[in-house]
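A.B. asks: Take this structure first; my questions come after.
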Amino acid sequence: MLILGLTGSIGMGKSTTSKMFQDEGVPVYDADAAVHALYASGGAAVAPVETAFPGVVVDGAIDRAKLSAQVVGNSEALAKLEAIVHPLVGAHRIGFFEQAKAEGHEIVVLDIPLLFETGGEKRVDKVVVVSAPAEVQRERVLARPEMTPEKFEAILARQTPDADKRARADFVIDTGQGLDHARRQVRDLLTLLRTARSA
C-alpha cells in the first residue's frame, strides 16, 4: 500500500484537495480530525489530559482554549501534552491503515498540515504539496472570519515556506487555477501512481 503525505501552508487549498482524493475513492487520514476526536466527549485523550492539566475539561470534552492557555509558550507542558496525544494519534493511524488494507486499497493519503515541521515525511512513501501563488493564498486567508494580516504573518512564520515545501515534494498540486484544474491534477497523479504500481 502506497502512503501519500498531503501537506500545504495555510490558504493553499489542502482541505479541498484532500476531499478530491476522497472523491476519487482514496481513504484519507486527517491528523487534525483525529486530534479533535480524541479531545471530544468520550475521546481517549480526555482523562489523561485532565489528569496532567487539571481544569481543561468542560462538559466531558477538552476545552482547547483552556488547554492552550496552559501549554502555549511552555515547552515542558507542550512536551507533556505531546507525550499523551502522539501515541493515541499513532494508534488511531494504525487502525486507519489496517482498515484500508483490509478493504484492499492500493493508495492512502495522510493529511498532515505540519508534515515537514514534524518530520512526518519519514512516515510516508511520497509527499504531495498543495500550493498556490502567494497573492492567491493571502486573499483566501484574509477572507476568513477573525483573520488579520498580523495573525496570518504569525502563522506563516511557524510554517515551512511554500518554496521549500515545493522543493522537497515528490508532487505538487497547484490550486491557483481553479478547482477543475486541481481535480485534473489529482486524477492524473492517481493514474500515474496506479500505473506505476501495476507495471
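For all residues, glycine too, the Cβ spot is worked out from N, Cα and C.
In case it's useful when we look at the structure, here is the feature table from Swiss-Prot:
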- G11, M12, G13, K14, S15, T16: ATP binding site (BINDING)
- 3-199: domain 'DPCK' (DOMAIN)
A.B. asks: Using a 10 Å cut-off, grab the number of neighbouring Cβ atoms around the Cβ of K14 (ATP binding site), all chains included.
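C.D. replies: Here the count is 22.
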A.B. asks: Give, as a single whole number between 0 and 100, the mean pLDDT over the domain 'DPCK' (3-199).
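C.D. replies: Overall, the domain 'DPCK' (3-199) comes to a mean pLDDT of 94.
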A.B. asks: Within 8 Å of the Cβ centroid of the ATP site residues G11, M12, G13, K14, S15, T16, which other residues of the same chain have their Cβ?
C.D. replies: G8, T17, V130, A132, R140, T175
A.B. asks: Can you give me the same-chain residues 6 or more apart in sequence from G13 (ATP binding site) with a CB-CB distance under 8 Å?
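C.D. replies: Looking at Cβ-Cβ distances below 8 Å from G13 (ATP binding site), excluding near sequence neighbours, one finds V130, A132, R140, I173, T175, A182.
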